[in-house]
């Protein structure tokens, strides 16, 4: 069942004429040039950040040059602040200046911020050029690089400006994760766990048994990434533009986003994956308190997240967060809000998540008070 | 054949789940509220400019309010300079502040600039909200409001940043054109003529006989607009994202855009439709000089454009334009350029236009010199 050596895996995202492959394995960055040349591009606009440039840009550029591609690099500051209207404008201008044309490709080399920023820029330069995602964080490999959601933040909220723009190819180099700080790897792991909790209890069980191997690297890591991508690809294929099923991917995110907003997106205090970990634990506790799932299941979720060092309670956030009312206010300003109704992803057990629009604000408030009190 | 009273016309744009209606007729702005309410929207973000606001905003808002819709208005300065990254950012922020949500609608009330700007903002707010186009210029009614091309200008070229975002409905109020300056109406008329020249020689003949009625208003105007929209809708339905046929709509535009760029988009000297008129006359003269079409057809095109007061030669542009090399340089920086090959729309006769990628730079240069010399 578990192979002894890491092998490349291929996951197909099935979206008719926008279908594409996700490749997962070691050393894929060094193959970027050949694989992009095979798409028929001539010029590649590489978008990356200062940190990733130091670690991986040389490998990527060497590969592009070796394949005979013309490459122009646009480097932005590392961090969430680059997901802004102003930085987007600079990236767009850089791609136009580099003469990236309709048959060409933008290469997003970096984590989720770079993927969202470069993907959005590619969506709007010349009304759309192709994007190849080369995610270098676990979070980006298992989540943001797959599915075509791109965008930047507005001062009024995260990801409020963006586009659906599917990549032409995703190159998830599992070896690139060896350079990730432990905290960032762990945060990405929260999204891996999420796929088990949504609808794959066997995968959750496999993670409980094999998480050490995923963290150490090797075949378990490749398998965990591929399983996650396959799960996301299936949801995206069913619901590309988030009218229904895709909302399940927000398990843990309604609470998580509110917590991130409460710390003003201060990554020192809480990174996205940590917010999701706390949010998933809260979603299961909320589900248990509503009588939807067993207390044992909620405890099992909390135990596994805690076992890998992820936070599971809003009380653990350094500096604390505001009260229940403040969290609820953040949850109301969410782009998935429909006519003022809150949407929660709740669960009837591990692997039995569902979308609920039946929760009253009073119920949410009472639960938030119990979590913070 | 020609009805005595103007009747509303309906043109369907057939794009599977993105299909929509274009309604053409008098008094449609006063019906905007009822028709947008029928789409299921609750909040309407109205985007308009200062000039159009003075003429038509009261009618539109009265109609939206009467239909029980919440309306928020964003007014930008009139003119092409509003098609900028900075103004786009302000419109996007205004729509987010107005809480235009996924089920809601942005109403573009104005000419081509407003349609392109508001349409693009709608494409990227919350990764896409619906847009209803209410074009108030002839140019916008017969061209830019139909087909989903949206965008803003880059300092490096026009329309280099944008998205394809089909409207949910187009309301072309033929009566609104009574407030247009004569020069602007005439410029829009160039695009009407274009549809005849592309593939409908009978329509071109009808225009030769009936142009006075189109300019005066009444049933001929509604018919000319509807025929133009029907022609554009057919091309868009065949080629939504401009991979092939849609390029025919650029008849007159390769030369026209170069001329506009040469006068630095100074609308005092040359407005877009005038550039298209000169460009179409040039395309037919170029075709004749290449032996593709008869000199008589080229002369007939020029005669009709001149008959309604449109310019037909680059020598007539106030202040003049630079040399052939300068024009060619503009033509090279076009988002439709593929691997450096120039694309021309040429003709084998009236109503027999085709896409040509076989013209050498030397041929183009020689022709431009003959036009300017």
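Glycine residues also receive a Cβ, built from the backbone N, Cα and C atoms like all the rest.
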Considering the NAD(+) binding residues A:112, A:113, A:114, A:115, A:116, A:136, A:137, A:149 given in TrEMBL, which of A:70, A:158 is annotated for that site as well?
A:158
Using only what TrEMBL says about Zn(2+) binding by A:191, A:253, identify which of A:211, A:241, A:272 is listed for that site too.
A:272
For residue A:191 (Zn(2+) binding site), the number of other Cβ atoms found within 10 Å of its own Cβ
27
Please list, for the domain '3-dehydroquinate synthase C-terminal' (A:188-337), how many residues fall into helix, strand and coil according to DSSP.
107 helix, 0 strand, 43 coil
Starting from the Cβ centroid of A:191, A:253, A:272, which together make up the recorded Zn(2+) site, report each further residue of the same chain whose Cβ lies within 8 Å of that point, ordered by sequence.
A:139, A:143, A:190, A:194, A:252, A:256, A:273, A:275, A:276, A:279
At the level of the C-alpha atoms, what whole-angstrom distance separates residue A:116 (NAD(+) binding site) and residue A:272 (Zn(2+) binding site)?
14
Argmin Cα dist to residue A:114 (NAD(+) binding site) over the binding-site residues A:191, A:253, A:272 returns A:272
Rounded to a whole number of Å, the separation of the Cα atoms of residue A:158 (NAD(+) binding site) and residue A:191 (Zn(2+) binding site) comes to 18
From binding-site residues A:191, A:253, A:272, the one whose Cα lies nearest residue A:112 (NAD(+) binding site)
A:272
Starting from the Cβ of residue A:137 (NAD(+) binding site), draw a 10 Å sphere and report how many other Cβ atoms land inside it.
27
